[in-house]
Structure formats: structure tokens, C-alpha cells
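Copied over from Swiss-Prot:
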- 22-42: transmembrane segment (TRANSMEM)
- 45, 50, 448: Ca(2+) binding site (BINDING)
- 64-84: transmembrane segment (TRANSMEM)
- 69, 384: Fe(II)-heme a binding site (BINDING)
- 109-129: transmembrane segment (TRANSMEM)
- 151-171: transmembrane segment (TRANSMEM)
- 194-214: transmembrane segment (TRANSMEM)
- 240-260: transmembrane segment (TRANSMEM)
- 246: Cu cation binding site (BINDING)
- 250: O2 binding site (BINDING)
- 278-298: transmembrane segment (TRANSMEM)
- 309-329: transmembrane segment (TRANSMEM)
- 343-363: transmembrane segment (TRANSMEM)
- 374, 375: Mg(2+) binding site (BINDING)
- 382-402: transmembrane segment (TRANSMEM)
- 382: heme a3 binding site (BINDING)
- 420-440: transmembrane segment (TRANSMEM)
- 459-479: transmembrane segment (TRANSMEM)
């Protein structure tokens, strides 16, 4: 096997933005593989009714698996790959710069990522782990005495420092654009996506950093911020966390919008339809996301007035999203020639997944329906369609775009990528589409057992996850030849 990717990681001390970007992608790949293997273990347990791998004495392991799966995939796979990898590699090029303004700060932000990852993963080996869920809701996170939760908190703080440094660097680079003949309104949607993501991170990260520190103080210094028996309020945690968490969904997928727009205009030999409206739609979505936080925890029953408000905000988010879908589909419809069929197939797969996830998101945006479906696997299917799979597809497209499949230096042929795309699509549909049907049953999430009559749908989901695993291993085999 070639070790070019590992060589690039060690040579990232050069401060070159492309090498740092590839190093980010390399880290994101291996972080993502660890998180994906955890999800395969979860699906293996759910393949049949009854407790098979997990026993009554080891139920905490199941809680630990889905907690770390969520944390790793959100903060160390998607954020590292899309914002760190694509942002560092592509952003200065799109602005006409040879590098970002502060290359050394860029390097420091890279070094914080593996530190945070090691802290989070090491929580597995500390006492009984930390099966709190990726949201770390109190009173569960404040009442458990094991030190694993503290390691998770500091690991997430390290990842937050990395994202903050990158955001400041990208915004400073954007405000320093002085290329001759370069007008702000002519900046590509891919560059704007990085800028908007940076602004969202700078607005939301201080809040979630504060709330994690408050949890730490509650655990060790009895500050009682979230302890209801001592004038604290656990709902306050949800308000503060989802001020970050709701924009975070858009933070993770926004660079994906930019790279899909860039690839469509590059490989279809067609200028992006509605380029300016695409930028305006991303900007409007970024702004509205900050005010729709209650959609993610409307089940605590705000009251009819606030429920109507958050339902309205969710519908407003869907409108510019529909505009982006229209622009992409129109660009594809008007193509005269295609340079890379494989890349175009992956972009079509991205659009299909996002349409499915967006449609189910409008359903969950209705407060009355969300009350019934919030704690079911319907939410799991929606979340993976609208965000996780789209983000992974964006990274795959970008890796093919820079002609370094999985950073080992292999050039993925058009025929091979055209074969991988439909297989990936089938595995995604098999894994997550049945969750919408079982969610209406309703099948609760975060539970390792279920009634026998739901065995068929869960087996199909496990089959799709197994197909994804085989596909990833096949790609590793190809690049090792």
C-alpha cells in the first residue's frame, strides 16, 4: 500500500494550504472509518430482535457506541473533512490567493483535531465510558461520575478551538481580497459557502463552549446551572446547545453545497444556473438557521405560540433550499457534454439524498408531528439523508476532483467512479429509507431491542450498512494494488 497520504500528514508542518487541506481530509477519512465501524456494530445488534451482541449486563456499551458514533461523525469526520479539508485546499485558490493570510495559524488548527479526537475516543477506556448521547444532555451528563464525560468535553473544546482558528483565518482572508479585477459579487458559491460557514461558527461556537464548561463546573464544583432541585434549569442547556446545534447542521452541509455547485459548473461545461440566487439562498439560510433552534427540541412543549413560530421558521428554511435544488437540476438539464460521468452521478446522488432528507425535514418541522416522531428512528433516517450522506458524498466528489482517491495517490477512473455511485446509492437507500417506515410504527431510537414484527425492516437496514462496509473495503483493496 502507498503511504503518500501519511507522508503528506507529516509534511503539513510546511504550512502550505493544499498540504494542510489534504491532511485534514486524510484525518477525516480515518476518523470517519472508526465512527462508521461503530455504526456497523449498532446495525449488527439491530439486525435481529432480542439482545444478541449486547446483553443486559453490557447495555452501557450500546449507549457508548451511538454516543461516540455521533460525536466522531459530526465533529471529527464531517467538520474536519468539509470545513477543514475542502476549505483549506480550495478556498485560497477560489479567491486568487497563493495561501490564507495566516498559514501558521492554519497549521495550529490542524494539530488540535487529532488531540480532540484522542481525548474523545479515550473516554471508552475510562470507567464505564460515557453513554449520554452526542448532545450530552443534563442531568445525565452531570449525574454520571465517570471521568469519560470530562474527556469528551475537553475533546470537543479542542475541536472547537480548531474550528474557531480556521474561521478567523478564512474570514480574514476573505476581507483581504485585493486581486485586480476581482469583484465581491463574482466570488463563486464554493468560496461563499466557506465564508458563511465561518461566520456561523464564530457566532455559535462561543455559546456551545460556554455550555460545555458549565456542564464541567456542575460536575466538579456544584455550580448547579442545570440542576432543577437547586434552582437550575436543564432546559437552559437545550436552549444554549441548540443555538449551536441547529446552525451546526447547516455548518456541516454548507461547504458541500459549494463543492457540488463548483463541480457541476466544471464538469458539465455549463455555467451554474442562477449563480447569484444560489449565493443569496445560502446567505438567507445561514441567517434563518440562527433563529430556528427550537425545532430540534420542540418536544419539551413550548406552548402553541412558540411552536407556531418554530414551524414557520422551518418552512422558511425550506424555501431557499428548494431554490438551490432548482438551480442544480436546471444546470444538469441544460448540459451539452459531460467531462466526468462518475462525478456527475455523485452530484445527482447528492441531490436525490438532499431532496429526500429535506422533504422529511418539512414533515418534522411541524410541531405536532414532531412530538410524535421525535424519539423514533424516523429522525435518524431524516438526519442521515439530509446531512450525513450528503456531506460524505461531497467529500468523495472533492477527493475525485483533486484526483487523489482517499489520499493514496490513485487516480479514480471514470468507469470505476460510475460503478461506485449507483452501488453507494442502493446501499444508502437500503440503510436509511426503511427507518422512515419503522419510525411511524413507532420504533424508538437508542434502544437495542424491538418487537419481532419489525425484524424485516431492520434486517434491510443492516444489509444496506453491510453493503457500505463492503464498498469501503473494496475501495481500500483497489488503492492497495
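Keep in mind that glycine also has a Cβ here, set from the backbone N, Cα and C atoms.
Values in this document were obtained by computation on a predicted structure and should not be read as measured data.
The two recorded residues, residue 246 (Cu cation binding site) and residue 50 (Ca(2+) binding site), have Cα atoms 34 Å apart. Looking only at the binding-site residues 45, 69, 382, 384, 448, the one with its C-alpha closest to residue 374 (Mg(2+) binding site) is 382. Under the criterion of 3 or more C-beta pairs below 8 Å, with sequence separation of 6 or more, the transmembrane segment (382-402) and the transmembrane segment (109-129) do not qualify as touching, having fewer than 3 such pairs. Summary of the Ca(2+) site environment: with the site residues 45, 50, 448 set aside, the chain residues having Cβ atoms within 8 Å of the Cβ mean position are 46, 48, 49, 51, 52, 53, 54, 62, 449.
Between the listed binding-site residues, namely 45, 375, the fewest other CB atoms within 10 angstroms of a CB are found at 375. In this structure the C-alpha atoms belonging to residue 384 (Fe(II)-heme a binding site) and the residue listed as 'O2 binding site' are separated by 13 Å. Sequence-distant contacts of residue 69 (Fe(II)-heme a binding site), defined by Cβ-Cβ distance under 8 angstroms and a gap of at least six in the same chain, are 35, 38, 39, 42, 134. Of all the binding-site residues in the list 45, 375, 382, the shortest Cα-Cα distance to the residue listed as 'O2 binding site' is found for 382. Residue 50 (Ca(2+) binding site) sits 20 Å from residue 375 (Mg(2+) binding site), taking the C-alpha atoms as the reference points.
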